[in-house]
Amino acid sequence: MLTRFAPDNACPQPLSAAEFSSLLRPLGPFGHRPLLGLAVSGGADSLALALLAQHWAQDQDGGAEAFVVDHGLRADSRSEAESTAQRLSERGIATRILPLSDLKPGPGISDRARGARYRALAEACGRAGIVHLLLGHHAADQAETLIMRSLRGSGDSGLAGMAAVAETGGIRLLRPLLTVPPGRLRATLRAAGLDWAEDPTNADTRFTRARLRGLRADGAGNGPATRALTETARLFGLRRAESDQAIAGFLADYAVIRPEGFMRITADGSWPAAALAQALRMITGADYPAGPAAIARIAADPSGSIGRGLVLGGARLLPAGRLGTGFLVCREAAAMAPPVPALAGAVWDGRFRMPAGESDQPGEMIAPLGTDAARFRRVSDLPAVVLRTLACFRNRAGDLLAVPALSWAADGESGGRRLLFAPAVPAAGAPFFPAPQTISCSSAKKMTG
């Protein structure tokens, strides 16, 4: 059950409209008459974000729509979502409740709920024609992220914390409050005469973030410890942005991405370790590259380390051979995903997508070519290890029907079957976007360090 939460007086200054504008504008461009999506949980942080963003959008002759996700994990979750929606509606903010019906309590519920929540938000934004989705993560959230990643041994990239801008699923996730102390958001609601609800799990020490909150010198997130941590994350973020630019430059110069689902790196000598890590993520779809020490060793001496070939984190590296100079980064056959139904928009192995405009192929599956690769060795210049990872169409009995990458079909006709190499992780996406400034607890002063 959510309970009413009375704000403390440790950080009494509301966040002004001018301050919020200075935080949001660098995350644009927003275009003419912007329409903003707002992810609102009912807590103080996202409610304050909703108020501030609505006023900002109205000043731009635009609008805002709030989305409240009902996870369905508690008996009263629906009533909580409806109460939040009512609060927003009373403030003139259009609101839609997004129910999640498939979540079940159990291991990994936090990660599963987070993934389901973002998918629901992305789909809702797509239906509403919204490109910009604002999230209420604040300075204490950023500080906790930095601590957790430090405890896990994250490198410089991880210590950059959460990005102020991230692009995913056709929408832009914006976090304008990453440097704002949570007390100022509560003060904003108090000044507006709006109460809020606090999720009791925020203080549940079974969760890592709650335990860290209790150990931090300023557990409420309004003091110098949190400011120092958010500034540290910002500085690491600037460093990561530079690294991302360098990765993009290296891959643009020396990487050839093939539509069959692999990459060839042509650079002589050593490679940037971060570029190799990104190439591995693109091919495997992994959130994080496996084996940072192994990646660093390979990147320092590709020729000596790769030799005739090696496997790392769901990918295989090998000499390019008859494909030219350099080395190939391809999928490891043993790590590929199981077949999926051949329906328009289907994605197999996180790499190949059946275009949304294609006709469904009833009774067919998208699957790996596997051992059938031997049939095509004489007609393709691709190495056997690459051939085995190609996507193909099979019937439910497993019979091979078509291999789009080789322009081959069992009946001589493709039947409209197409598959596109569309990896979930791009080789070089937009550079990391750190929060542009640090907002103090009690005033509009900046700490730019």
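Backbone N, Cα and C define each Cβ position, glycine as well.
The ATP binding site annotation in TrEMBL covers S41, G42, G43, A44, D45, S46. Secondary structure from DSSP puts A44 (ATP binding site) in a helix.
Residues or ranges marked as domain 'tRNA(Ile)-lysidine/2-thiocytidine synthase N-terminal' in TrEMBL: 38-213.
The highest number of surrounding Cβ atoms within 10 Å, among the binding-site residues S41, S46, is found at S46. Using a 10 Å radius centred on the Cβ of G42 (ATP binding site) and all shown protein chains, the other Cβ atoms total 19.
A44 (ATP binding site) has a Cβ environment of 25 other Cβ atoms inside 10 Å.
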